[in-house]
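Trainee: One structure is given below, represented as structure tokens, and several questions about it will come after.
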Amino acid sequence: MNIQLEKMKQNQECEKRKRIAEEKHKEWVQKKREEERRERKRKLSKEMAEKATRELEKMQLQEKADVKYKEWLRKKRAEEAEKKKKEKEKEKERETELQEKRTRSEKIFKEWLQNDRNKPQPALNGYGFPHGKSTGLF
């Protein structure tokens, strides 16, 4: 009877140890799963933060590029406006010079015309030739 009681106690203790071991194993597995879940959550959070940072950097880079492009475009347009202004000034100078040249030419022509009227006319029968031409009688 003592032996049976002893065996029963041993069996109970063995089952008790098994239950305790199973409970500890379940706790360990649950703890491990919880830890893995937290790790995945942390990694996901870190990836999202990195992605947000990359997006922000990309947006800042795009804004910088837009600002530089607008600055370049503004300078280019200013240069083109300056170039057109210079071309217009050159064209005005050419027109002014041309007008002055015409005026001088007209003045000189009028003076020549006036002087030509005042000059004596050459003799029509100069050098003894009728109408200024040779008649072939030599």
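The backbone N, Cα and C atoms fix where each Cβ goes, glycine too.
Model, not experiment: these values are computed from the prediction.
Reproduced below are the annotations present in TrEMBL:
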DOMAIN    4-135  domain 'Coiled-coil'
REGION    25-60  region 'Disordered'
COMPBIAS  25-38  compositional bias 'Basic and acidic residues'
COMPBIAS  45-60  compositional bias 'Basic and acidic residues'
REGION    78-138  region 'Disordered'
COMPBIAS  78-119  compositional bias 'Basic and acidic residues'
Trainee: Could you give me the DSSP helix, strand and coil counts for the compositional bias 'Basic and acidic residues' (45-60)?
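Mentor: Taking the compositional bias 'Basic and acidic residues' (45-60) as a whole: 16 helix, 0 strand, 0 coil.
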Trainee: Per DSSP, how many helix, strand and coil residues does the compositional bias 'Basic and acidic residues' (25-38) have?
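Mentor: So the counts come to 14 helix, 0 strand, 0 coil.
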